[in-house]
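Listed in TrEMBL:
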DOMAIN    296-359  domain 'MIR'
DOMAIN    370-427  domain 'MIR'
TRANSMEM  9-32  transmembrane segment
TRANSMEM  68-88  transmembrane segment
TRANSMEM  100-120  transmembrane segment
TRANSMEM  154-174  transmembrane segment
TRANSMEM  186-219  transmembrane segment
TRANSMEM  240-261  transmembrane segment
TRANSMEM  581-603  transmembrane segment
TRANSMEM  615-633  transmembrane segment
TRANSMEM  645-665  transmembrane segment
TRANSMEM  677-697  transmembrane segment
């Protein structure tokens, strides 16, 4: 029974020495001297702010993309014991002793190092020789721009790692398809493809380009499977469902999970939450939540409220009035009603308070029990401090002459009667009997007499054009006809709310200045918060200003630009984002050769002339689909983007282009160098070329790693192009 114990338990393992050596070299090249310089390097000043906010659990919005990459950087800070206390205000600022520099830079460096063995494995899975795979890995290893970008607290190396992992996983899955469908390893690589794609998209939206490419390739492969008569309908359906689960459902679920973790970690209010809706702000600890905690939920007749415009951009603002009136005549000669001004004011103020009044009653307090206001009810809005009624009439607005002026009515005993009845329309109602709710309800106020809608038009005019000096530079509010369409600037929500108790004006003014404390909860669901945050990320646009190191997509191919990342305060030591010139030029030539050869082969095959065997042709096409396709989808979209572009945006596309170099070289050697002499000469040429790649890598290493410090003459010698901005300190 125990006979199996008579023999020793033996475990055998195959170790790929090439892979091990490449991994070690990748780690050395990226991790060596990682804490140098101990100062803020280029965009670390940007990402470091988010890491600090994660450490302090303070909510933020970054319009550059999803939160997964930021969370990975924050993980490095958390593991290193970072407390978030550092002022990220300028490039070159020395890090304090509380900042774990090595830990913060470790994950990007690790991701960059692992790209080296990934490149090797991708070419092996594409069925190219181990020599070609080794060449691809060494080119990634010796690419100066990839080294620089991976050694700091930046996201591009993490993005490229997940992109390459997704490609490798799909290739392994596809190669297993032929003989071991639905095996454990088949499922592993298919699921890992989806996971890596979602992680790439979660780091930066640029990852979406490669994700779409892999979906297209998977769809093409499945289309070919449909034509396989050996597969039953049930088997095809299983394959389809497996791919749908792994490549669509799981990535979507993971993408949502990134935001769930993000919102769970960042539960405290901060400066960035002001662009969110009142409901979102109230769900955060502190800030608006501290003000609105315990407010009554249902708006009733007699409620005292502040009304915030839902649009919230280019700035948040509240419905506001003050004792000043519109000028009798504007600068252009048009006349006004000379009524009390109504504006949208971008700051909290006691003049933002309004009282919801029942037109059929005189009282300005909430009855007992309260009578809630519902969708479709007619109300009057009384300004809390001046007790004048919100009004609109057929008088042109000051900045928007095609819209009606909105005012608080003053009775001048002339032929201009009050028109102060408004119908409450709840935009996000579930039924026509919904109650108007604090924070949660988004409402429109439709003027009963003219059907005009209360609108913060100032938010729409030239990105927030303001009234002249007589209007204190506040934002215009108008009555907009419904026929002119619907916009968020017409929608308002109650932000602060109390039940009014004082009928006398003096007592009411005291009441308006005091906080309320009543018990009610207004928590948003995760999906509601996710939808709002996702929409803000996609639509929020910072003003793109011209940056000293910004560039166009055309500059990237020939590397006519560089970026100075860091300069030592006293010596000539500096770090630049500069690529290996030989590698970049060869990558462009390889792409051109591939496209020309492919066109030539296609024309010849159309004439039934086959220059290469069928298996070599299929290998050539599949490799081009990955490498040329990967380069194209990660590069060409930038020509359509209206944003400030930098050289590092090209690095994912460059990585695919570098993988193409050994593919083209092997193809030329195998199929165009037909004699032994030609093969020997071609091999010698490759050795000479690769030696030049290594020489250029060594030449530019001082500005890749930031040391050793170079003299003025040495720095001038590195300016191989006049367009490169190598920093030379004045003597």
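Each residue, glycine too, has its Cβ placed from N, Cα and C.
In TrEMBL, annotation is done automatically, which means it is predicted and not curated.
Note that this is a predicted model, so its numbers are computed, not measured.
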When counting Cβ pairs under 8 Å to the transmembrane segment (68-88), the leader among 186-219, 240-261, 615-633, 677-697: 186-219
Segment-segment contact (the transmembrane segment (615-633); the transmembrane segment (186-219)) at 3 or more Cβ pairs under 8 Å: yes
Close approaches to the transmembrane segment (100-120) from elsewhere in its chain (Cβ under 8 angstroms; 6 or more beyond its ends): 18-19, 22-23, 25-27, 29-31, 34-35, 38, 48, 51, 72-73, 75-77, 79-82, 133-134, 136-137, 139-141, 146-147, 149-155, 157-158, 160-162, 164-165, 168, 655, 658-659
The domain 'MIR' (296-359), counted residue by residue under DSSP: helix, strand, coil: 3 helix, 30 strand, 31 coil
Touch test for the transmembrane segment (154-174) and the transmembrane segment (186-219), at least 3 Cβ pairs under 8 Å: yes
Segment confidence, the domain 'MIR' (370-427), expressed as mean pLDDT: 89
Whether the transmembrane segment (581-603) meets the transmembrane segment (186-219): three or more C-beta pairs under 8 angstroms: no
